[in-house]
Amino acid sequence: MSEVDEGIQNLSIEKADAGATATATATATTAEKHNQALNSTLKTGLDKSVESQTANSAGSSPTSATSSSNNPHYDVKSTIKSTKLNDEQAQKLTKLISSVPDILKQTKNPAYDEIFGYRINSDGLEYVDIPKRNEILLKFLAADNYDLDLATKRLIATFNWRNEFQPLHAAFDEKFHQELNELGVITQFASGNDNLHVITWNLYGNLKSPKKIFQKFGEGADDGQREGLAKSSSNSNSSSSSSSSGNNRGKNLPGSQFLRWRIGLMEKALQLVDFTDSKNHKIAQIHDYNNVSMFRIDPGMKAATKEIIEIFGQNYPELLSTKYFINVPLIMGWVFTFFKTIGVISAETLKKFQVLNHGDLKETLPKQELPESYGGVKSAKGDPKRSLFDLDVSESIKLTKYGQVVLQRLGDEEIAHNNDEVE
């Protein structure tokens, strides 16, 4: 399964005059028809694809449980709380778990055994949380329709990517420029619907000049420019979660500042989910297009969007519950054609897209907790209106214990490397 992020292509935005009372009913009816049309168009042609994928997925109907003494996979099956497995699925998960030591041996760095802040290794080793490990491995297995060979290849690729990219470092040990921090927040609603408790928001209306943003923070920026921006960010942005400044390992960590910021946002959000809870083992994403004024997609944004989609698809499987596109201008339906034509999003993921040409989310998210601009309770007279940034929890998120061990190890390696260079 692919996890989707950003995307904007050629458009022209026409603002309608915020209507007279006499036309309000007609406008609301038109908007509702537009929402239905967009969602219908998005899902047209996908049902057969999803049905085909489902038909080919492994697993028959659950059979009666037998004793764990005769079926070792039954012990694994009992640890899974996010969903119900049949015996065949549990057997495959058991095989995948037992093969983890061999999988690690096939990676570029067998000592790197972390995914989403958890240690993925054999039972009995320090920091191995067996239920959470099993749930994470299940996501990789389910993403490939319970194909053990494909799941193994995906895991090897993910271990290698995490070892090289160091996403925990991006999330907890790097600072980013305020212009990037204003593009996204993380919210957590305790009373939210199932798997809508943790949400990452992408605020495209705050993207005032896409071309300049990606010249400064995208792949178009050279290393010297990125480092300079990171240093200036550390002086101007005191709200970051770490004392480090920017990509403080310089050229040793890959990716643009924009990419590292976006991956860091995802990693932080995952610290808030409970992989063993069927109601909170996935996150939602909301893309807000309010006040978007671009008339065409910037090439830098297009490249960054495709890169993020590919990274999420490979390395963050089965983690998206729903993706909302809100405040989408009536003329902006092209954006979903863009998502389909780039060819890196599965039909199953596209089915999770919901399109709204307004920002009223009170039917989906807790009204009492939402800002007024998203359909929440109006502020009392004289009280300042709450903004989405008032709900941002990203700076209070704590990393898992093993995640901290991984970062400490990375820091020790960097110190040793620097000492070797001095000597």
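From the backbone N, Cα and C atoms, a Cβ is placed for every residue, glycine too.
Sequence annotations record features per position, and here Swiss-Prot assigns heme binding site to TYR204, ARG262, HIS287, TYR289, LYS323 based on similarity to another entry. For 20-30, 54-72, 232-248, the entry in Swiss-Prot reads compositional bias 'Low complexity'. Look at Swiss-Prot and you will find 217-382 tagged as domain 'CRAL-TRIO', backed by sequence analysis. The region 'Disordered' annotation in Swiss-Prot covers 1-76, 221-253.
Mapped onto this structure are the features recorded in Swiss-Prot.
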residue : record            : DSSP class
TYR204  : heme binding site : helix
ARG262  : heme binding site : helix
HIS287  : heme binding site : strand
LYS323  : heme binding site : strand
Once the chains shown are all counted, how many other Cβ atoms turn up within 10 Å of the Cβ of HIS287 (heme binding site)?
24
Around the Cβ of ARG262 (heme binding site), how many other Cβ atoms lie within 10 Å? Please give the count over every shown protein chain.
27
Rank the binding-site residues TYR204, TYR289 by the number of other Cβ atoms within 10 Å of each Cβ and report the first-ranked residue.
TYR289
Please average pLDDT over the domain 'CRAL-TRIO' (217-382) for the predicted structure.
78
